[in-house]
Structure formats: structure tokens, C-alpha cells
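J.: Below are the C-alpha cells for one structure; questions will follow.
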Amino acid sequence: MNSEIIHNLQTIQQRIQNACTESNRDCNEVKLLLATKTVSPERIKAALNSGQTLIAENKVQELKAKYDALKGTPHISHFIGHLQTNKIKEILKHEVSCIQSLDRLDLAEKLQQRLEFENKEIEVFIQVNTSNEESKFGVHPSKAIDLVQQVAKFDRLKIKGLMTIGLFSAETEKVRQCFRLLKNIQQEIIALNIPNVVMKELSMGMSADLETAIKEGATIVRVGTAVFGQRMYPDSYYWNENKAYL
Ligand SMILES: *Cc1c(COP(=O)(O)O)cnc(C)c1O
């Protein structure tokens, strides 16, 4: 129900606020992104109408399916799923302003080509696999800086930060290590002063671990379940398309 969504959003905002207070951070530094996979346009609209602005899909198919229904409601659209190169045209057609899941050179190359052709630019985050789990996408931490340097050469891609999915674990300290690693990589990249690279954003933290992420420096937390409720599919379905769950 929509009133539940509004209520959940208030709870999330309070959690963000508390985490900021505890880590002496300004709450305005942390944006809430709504992860809307499997969520109907109706329910997404309820969140947008209550003042949310930032949403993201994992699959181009879902982005397309909801596009018309959401068009009339002002919002910013990011992409946080694994992106296949054959879906690049569709992504650009559906007004995604930032791809948070750029994790390999061939994808960057093909994006650059298409963006040149369409005379457009797009913001990107480099996705880093900080938990080193095979089931997750993202560049290996040891290769992240290299990838940033290569992607920086593509003038149509505007690197704005890094993204990671933390380890799925009840052990907070292990999860924290993932976020801390992302922060360290960010600091290393900043120190390199690479042209065409802005390292302002750290997209990390989800429903279960956003407090930890905020304490480690997140500027964007991506929340799905805690706002919209449980999803029908396991997340691995979205995080690794090589494994067929359906
Ligand atoms: C689904 C998803 C989220 C949100 O996860 P929740 O646990 O539902 O808050 C965040 N990031 C990515 C990449 C996701 O796929």
C-alpha cells in the first residue's frame, strides 16, 4: 500500500539522519536512491510524489516497461544493473543520466562510440567488486584504478564516482571492510588527479547496511526492500545473469 511506502520512507530518512549524526556528517551529503526492481510504476510514483527524486533499475527491460508510466512524474534515473553492450542504445533512449555499473573496458568503448554517434554524454560510476564474490559484477579492486584511467580517456563518459555492493553478511565488520576499501580506492584516485575524473560520489549501502556505509563515507545509499517490501526473486537473479534462477 502507498501509505506504507510513505511510512517506510520516513523510517529510512530517520535511519540516514541518525547515521549521519553518529558519524558527524551533514545529512545533505547523503542522497537516497530508490532501487525499483520489480516495483510497479504506481508504487514508484507514490514514492516520487512524496518528494523522492532518484530511482534506479537493474534491467533495461524493466526500465523500458516503466518508462512511459513514469515520464510525467519528475525524477532522475540511474542504472545499477549489469549492462550488456547490446542494450546500450536502449539505455540511452530511456534517459538514464548515470550508469553506476560500469565495470569493464569494452562496455566503456561501446558506450563512447554510441554517445559520439548521438552527440550525447553520460555520467558513470565505476563498479568495484569489493567483496570479491564471484557472484557479483564489478571490476576487481586491484584493477579499479587502471579501469578509471582508461575510461577517463573517453570524453563522452563523465566519471563521477564509484559504486559497490557490500558483502552480504550479518557480520558488520566484514561489510565495513568492503565500504572502507571503496573509500580507499576513491582516495587513491583523487590523489592521481586524472583529467576528466571526478571522484565525488560513493554509491554504497542498501537496506541492511546503509548505516555502516554512511559511516564509511557513502554519498548515495541504494534502498529497495526497506521502502517497497520484499521482492519475489533472489537478488542473485539481478546480480548475475549467468546463473539462471528463472
Ligand atoms: C536491489 C539492489 C539494491 C537495493 O537492495 P535492498 O536490499 O532491497 O535495499 C541496491 N543496489 C543494487 C545494485 C541492487 O540491485
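Cβ atoms are placed via backbone N, Cα and C, with glycine included.
Keep in mind that TrEMBL annotations are predicted by a computer and have not been checked by a curator.
According to TrEMBL, the domain 'Alanine racemase N-terminal' annotation covers 31-230. The N6-(pyridoxal phosphate)lysine annotation in TrEMBL covers Lys37.
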J.: On average, what pLDDT score does this prediction assign to the domain 'Alanine racemase N-terminal' (31-230)?
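T.: Mean pLDDT for the domain 'Alanine racemase N-terminal' (31-230): 97.
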J.: If you draw a 10 Å sphere around the Cβ of the residue listed as 'N6-(pyridoxal phosphate)lysine', how many other Cβ atoms fall inside it, taking every protein chain shown into account?
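T.: For the residue listed as 'N6-(pyridoxal phosphate)lysine', the count of other Cβ atoms within 10 Å is 19.
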J.: Let me know the DSSP-derived helix, strand or coil state of Lys37 (N6-(pyridoxal phosphate)lysine), please.
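T.: Coil, per DSSP.
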